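Chemist: Sharing the features that TrEMBL gives for it:
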- 1-11: compositional bias 'Basic and acidic residues' (COMPBIAS)
- 93-108: compositional bias 'Acidic residues' (COMPBIAS)
- 36-100: domain 'Amino acid permease N-terminal' (DOMAIN)
- 142-646: domain 'Amino acid permease/ SLC12A' (DOMAIN)
- 655-1046: domain 'SLC12A transporter C-terminal' (DOMAIN)
- 1-32: region 'Disordered' (REGION)
- 92-115: region 'Disordered' (REGION)
- 800-821: region 'Disordered' (REGION)
- 146-164: transmembrane segment (TRANSMEM)
- 170-198: transmembrane segment (TRANSMEM)
- 219-240: transmembrane segment (TRANSMEM)
- 260-280: transmembrane segment (TRANSMEM)
- 287-308: transmembrane segment (TRANSMEM)
- 339-361: transmembrane segment (TRANSMEM)
- 373-397: transmembrane segment (TRANSMEM)
- 456-476: transmembrane segment (TRANSMEM)
- 509-529: transmembrane segment (TRANSMEM)
- 535-553: transmembrane segment (TRANSMEM)
- 565-588: transmembrane segment (TRANSMEM)
Amino acid sequence: MERFRSSRGEHVNPAYDANLDEPPVYQEPNESRIIRPSVVSAFGHDTLDRVPNIDFYRNAGSVSGHRAVRPSLQELHDVFQKNGAISVLDTVKDDDEESEDAPSDDVESAAPMPSDKGSVKFGWIRGVMVRDFGSHETVSFLQVRCMLNIWGVILFIRLSWVFGQTGWGLGIVVIALSCVVTTITGLSMSAICTNGVVRGGGAYYLISRSLGPEFGGSIGLIFAFANAVAVAMYVVGFAETVVELLLEYDSIMVDPLNDIRIISCITVVVLLGISVAGMEWEAKAQIVLLVILLAAIVNVFAGTFMPADDTRKSQGFFGYSAEIFLENFAPDFRGSESFFSVFAIFFPAATGILAGANISGDLRDPQSAIPKGTLLAIVITGITYLAVALCVSASVVRDATGNVTDAIISPIFCNGSAAAACELGFDFSSCAEKPCAYGLMNNFQVMSMVSAFDPLIIAGTFSATLSSALASLVSAPKVFQALCQDNIYKILHFFAKGYGKNNEPIRGYILTFIISVAFILIGDLNAIAPIISNFFLASYALINFSCFHASYAKSPGWRPAYKYYNMWLSLLGALLCCAVMFVINWWAALITYAIEILLYIYVTVKKPDVNWGSSTQAVTFVSAVGNALSLSGVEDHVKNFRPQMLVLTGSARARPALLDLAQSFSKTFGLCITAEVFVGARSEALQEMNAAMEKNQLWLRKTKRKAFYAAVACDEFRDGADSLLQASGLGRMKPNTLMIGFKKNWRTAGTDSVQSYVGILHDAFDLEYGTVILRISEGLDMSHIVEEEEEMMRAAKEQRELEKETMPNGGKPKGLFRKSRNSSQQVLTTRVSVCGPPPAQVAKMNERLTEAGHQFKKKQPKGTIDVWWLFDDGGLTLLLPYILTTRKKWKDSKLRIFIAGQPGRSELDKEEMKSLLQKFRINCSDITVVDDIHVPPRSESSRKFEEMIEPFRLREGSGDSVQAAAMRKQNPWKITDEELSSFEEKTNLQIRLNELLQEHSKLATLIVVSMPIARKESISDFLYMAWLDILTKDLPPTLLMRGNHKINVHSRHMTSIQVP
């Protein structure tokens, strides 16, 4: 016999017990149906629904029998397809059982910048690279500025020495490692700087505004100090070049070391004058230096292609040679040098990446300029360093005497370290016995020798060192000024004051000058470089860690526009920086981090009066979220199941009965969300929704209702409800039960309204929500009464304002003025009653509605909660009434259970249900087996139902097939004769159930009855509403309830659970 599969096969239950009931088997009309007698005898028609039974609640491996699985909600609810069969297994395997539905283990607050009339703003080439004015200049400015700062003294006076020591093999590693560190830091900085509005202060501003004053204060002070010391390093590099020239021309003033100090101090004074003159002068100076620097770099490349004369050959330059290139591959560390000591010398060359970010206040669009300019500058300068170094390594030997007489006249055997020079015609073997003055290892002016025009290299060296020094001299005061303006360190607030149209930090410039001069007195570039390396590496480490920390915290405020970063890559960058710090100089690294920790503790203890959003606060929030996530990481257990209610009340005050009953289910132990959908034009609906959010949440707090208020604005009510069903809640703290009021006016509301209402029920079933419908004969909607109250309150408020205006002494009534309240009340009464009092009948209806609306707020009298548990839905229909009896307001209400039974075996059915309830540990006062549900309803009841649906019937049987088809097309929502005939048995069941409810539960305090399910596209919306209406008509407060067909009640046989 052929079976037909549900259209939503992915939701079909894997098994249920065939011994309890056979699934219905649908055949062609000319064939008969085989029906399970127990279902038909109980309900009078065939159905997939199951009667409650203990076997649905057994645990895996139960010794008392196999666990049966009830039909899923989708199997009952999905569109029935005649060409497929509903295919389900009989039972679930006892081993390795898991829940098939178990879950598997995201406007800136800152005010806009005032217009800076007269101030200078730079673009991305001039700011991060150079400074130009134009549409793309911010990035250009930033990029050039970084490039000028990176192309420093190392390029011309140390790069050849680095590759001489390490060879070009490890030399590439040195450059690559430096680029890795700076690139990761650049990515982290790009993420930070695009996470909000960027003001002045550069790296300090970015970090402090993103991560809070603790990180920002510590890194800001260290970074400003590092830039101040960098000025000394770059100026000393410039002075060394000048002293080399003085030595060449025998013009030393005192001695080489003191001459370096004198020249450095004079240079810093000149640079200070340019900086104090303003950013515009500094920008012009940088442009000149850039042109010279680019010319010098091109000059180096050009010189390597020029043929070498004997003088240059004697100094080690032979032009491109494979022999030289191969000889220079391996490292040749001399003296106390090692890979990391050489790396410490070179790394400061890469520390200029923050030069553009440090003047963020002078950029037009820092959010765009900083990422683009900085990263592009890293790429260009890295390629430049590598290209220059490889060119020199392929054309210059490590050691050379500088003597033309060392040229080889007669052939000799070439071996040893000078083999390449020997093969090219010069014998430098003497350099192995005593140090030579030329070659990569000995001559710091190799670039001048190699170049096409050596004075241009000297100019390029001056340009590189001075541009880097100038950039650091500008960066340090601006970062320091921003730090002082935030008053994190109150003792430093003196340096916060700025001068001129660009708010120049003159005091900061003077302080930077003093620090620079102090370090210049060291006079040795190799001594300064490791210190700078530690300072900048510490800053980079904090930048990387800050990015990681903010990413890890997952704060809503952390949403950088720059997406090409990774939190783990940032953490790797931070660890890499820390490791390099200790390798370069372990005691300096310890001192640096000790200072950082002390500053962090100081800021934390002092708690400056600022609040920019701290990553520590974000992590605290994350820990709270982690607790919620831990619930998601553990499979739900039936013992911990609790109803999480999503209640469609509209305004929180509009349907108090619905909210109060939902509150009784959840109390303070579960989630309760009262939800409202604002329908209409989006702009108006959003305004109304925003106005209602705070008002409704305030009302919930005032009335001590433990619930959240949620609202959505949509064009259609169903769309809004669907959004709430899908998006409400967080993880396990997510609604699992929809509670909605019965649509009392469905016969007059119109087709669209009814379809929307029934559609919400369909959506709830599709999303596997438990569904509860509350019907009270007086109705639920009190919104018109609430509006009248609000109007009276508004009138009273306006009247009080009017009294204040007419009273002396600031509105405080004295003497005769106290009597003015009577007239105010008279005015208020006149205003509210302007439309006349409502008719007596309307007033009485409102009174009854108000009383009914608040009936669940007060303690319930002695009575019963009648539970008609007709279909096994996972136990929700039994659990919620039981929860009510545990509440203080309902403690005097007793549970009565009604079940469908087969004629002739009522006592057996009763004993089975009694046993089931004992296993559930649920007490009830009585169990009633109703064995006459299958009896046809009385004709009077059927007639009432016919009258109810008559306006919605199509009556297509009165015409021919063509007319019938036309009628269906014109009114597709109407109830067809074919539909009525197909579902006659189910219709009669609802009518009959109402008769039985009238007979057995007319005096109950609350009735809970299993909700019928309408299969999609099979049962029309109006027929379904008629079923719900006739089922609950003329009864006490009634709850139609349907669980999600997953286990909701714990029994002694349960060790696992399957709940949403």
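Positions of Cβ are set from backbone N, Cα and C atoms, glycine also.
Since we're looking at a predicted model, the values are computed, not measured.
Help me picture where these features are in the structure shown.
Modeler: The predicted model assigns the domain 'Amino acid permease/ SLC12A' (142-646) a mean pLDDT of 82.
Away from its own ends, the transmembrane segment (260-280) comes close to residues 120, 122, 231-232, 235-236, 238-240, 242-243, 253-254, 359, 362, 466, 469-470, 473-474, 477, 500, 502, 504, 506, 509, 513, 516-517, 520-521, 523 of its chain (Cβ-Cβ under 8 Å, at least six residues beyond either end).
Residues 124-125, 127-129, 138-147, 150-151, 155, 159-160, 162-163, 167-168, 171-172, 175, 178-179, 182-183, 186-187, 189-190, 297, 300-301, 304, 316-321, 324-325, 327-328, 349-350, 352-354, 356-357, 418, 420-421, 428, 439-440, 446-447, 449-450 of the same chain, all 6+ positions outside the transmembrane segment (373-397), place their C-beta atoms under 8 angstroms from a C-beta of that stretch.
Tertiary proximity for the transmembrane segment (456-476) is limited to same-chain residues at least six positions away from its ends with a CB under 8 Å from its CB atoms, namely 145, 148-153, 155-157, 202, 224-225, 227-228, 230-231, 234-235, 237-238, 241, 245, 267-268, 271-272, 274-275, 279, 282, 285-286, 289-290, 292-293, 295-297, 299-300, 352, 354-355, 358-359, 445, 447-448, 508-509, 512-513, 515-516.
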Chemist: Flag the pair the transmembrane segment (219-240) / the transmembrane segment (565-588) as in contact if three or more Cβ pairs fall under 8 Å (sequence separation 6 or more).
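Modeler: No, the transmembrane segment (219-240) does not contact the transmembrane segment (565-588).
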Chemist: Who are the chain neighbours of the transmembrane segment (535-553) in space, where the CB to CB distance is under 8 Å and they lie at least 6 residues beyond its ends?
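Modeler: Residues packing against the transmembrane segment (535-553) from afar: 181-182, 184-185, 188-189, 191-192, 195, 203, 207, 210-211, 215, 218-219, 222-223, 225-226, 229-230, 347-348, 351, 354, 565, 567-568, 570-571, 573-574, 577-578, 580-581, 584, 589, 592-593, 596, 615, 618-619, 621-622.
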Chemist: Should anything in the same chain at least six residues away from the transmembrane segment (565-588) have a Cβ under 8 Å from its Cβ atoms, list it; otherwise answer none.
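Modeler: Same-chain contacts beyond the flanks: 177, 180-181, 184-185, 187-188, 190-191, 340-341, 343-344, 347, 530-531, 533-534, 537-538, 540-542, 544-545, 547-548, 551-552.
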Chemist: Short question: which residues 6 or more past the ends of the transmembrane segment (170-198) have a Cβ under 8 Å from it?
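Modeler: Residues 108, 110, 113, 162-163, 205-207, 209-211, 331, 339, 342-343, 346-347, 349-351, 353-354, 357, 360, 363, 366-367, 370-371, 374-375, 378, 382, 385-386, 389, 393, 537, 540, 543-544, 546-548, 550-551, 557-562, 564-566, 569-570, 572-573, 576-577, 580.
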